[in-house]
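**Q** From Swiss-Prot, for reference:
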type: BINDING; residues: G10, A11, G12, K13, G14, T15, R123, T132, Y133, K200; note: ATP binding site
type: BINDING; residues: T31, R36, Q57, L58, V59, G85, F86, P87, R88, Q92, R156, R167; note: AMP binding site
type: REGION; residues: 30-59; note: region 'NMP'
type: REGION; residues: 122-159; note: region 'LID'
Amino acid sequence: MRIILLGAPGAGKGTQAQFIMEKFGIPQISTGDMLRAAIKAGTELGKQAKAVIDAGQLVSDDIILGLIKERIAQADCEKGFLLDGFPRTIPQADGLKEMGINVDYVIEFDVADDVIVERMAGRRAHLPSGRTYHVVYNPPKVEGKDDVTGEDLVIREDDKEETVRARLNVYHTQTAPLIEYYGKEAAAGKTQYLKFDGTKQVSEVSADIAKALA
């Protein structure tokens, strides 16, 4: 079972990725983790990637695709894998296809931007401990204060509305063409495209996924 996950930041992708991994016994392949591991191990591709990163440039699709090919040849990917954060562009999707990596399911989590902004902008953090709260879904006992220490809670830079909206714009610009691309692939019978309502309860979304992939 080879799966690609698509969904905006804050759409609940990470939570459902965990569920799919545990339910179907397949590893999650994150390009960031792979890059770090290859650089640490000093592999040929890792050395190439390090040179590019040290020069302050973006790692090329060829290097990333090479890493993915190496990674999915490992024993734990025998039953399949979950690709998270890749592909992000049409050339990357084409690259996977050219390498003969067929994808069984493309899963999209659909959540309106305003809902994501509300989810993210409502987050509050106690930085010293890493504890997080949400003004609506998981409020602290005393507004603006950490439950344990009583210290002030803050809004992280990443959770501020303007930051969230900027990230969403990037996501839509990059991913809208991919959604269309995989829609066409599905229409041609080359993959299955599944879209889930990410505004439902986490357990409901998980149940919907389990049913669709059964």
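Quick reminder: no glycine exception, Cβ is built from N, Cα and C everywhere.
Give me the local environment of each listed feature.
**A** Counting every protein chain shown, 21 other Cβ atoms lie within 10 Å of the Cβ of R123 (ATP binding site).
In the three-state DSSP assignment, the secondary structure recorded for F86 (AMP binding site) is coil. Counting every protein chain shown, the number of other Cβ atoms lying within 10 Å of the Cβ of F86 (AMP binding site) is 22.
Over the region 'NMP' (30-59), the average per-residue pLDDT in this prediction is 91.
Listed by sequence, the residues of this chain that lie at least six past the ends of the region 'LID' (122-159) yet keep a Cβ under 8 A from its Cβ atoms amount to none.
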**Q** Are there residues at least 6 beyond the ends of the region 'NMP' (30-59) whose Cβ is under 8 Å from a Cβ of it, and what are they?
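**A** Here the qualifying positions are 66-68, 70-71, 84-86.
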**Q** Tell me whether Y133 (ATP binding site) sits in a helix, a strand or coil according to DSSP.
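**A** Reduced to three states, the DSSP call for Y133 (ATP binding site) is strand.
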**Q** Using a 10 Å radius around each Cβ and all protein chains in view, which of these binding-site residues has the most neighbours: G10, G12, G14?
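**A** Result of the Cβ crowding comparison: G10.
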**Q** Look at each of the binding-site residues, T31, Q57, and point out the one with the fewest other Cβ atoms around it within 10 Å.
**A** Q57
**Q** Counting only residues 6+ apart in the same chain, whose Cβ is under 8 Å from the Cβ of Y133 (ATP binding site)?
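**A** Listed in sequence order, they are R123, R124, A125, H126, P139, P140, L153.
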**Q** Consider the binding-site residues G10, G12, G14 and say which one has the Cα lying nearest the Cα of R156 (AMP binding site).
**A** G10
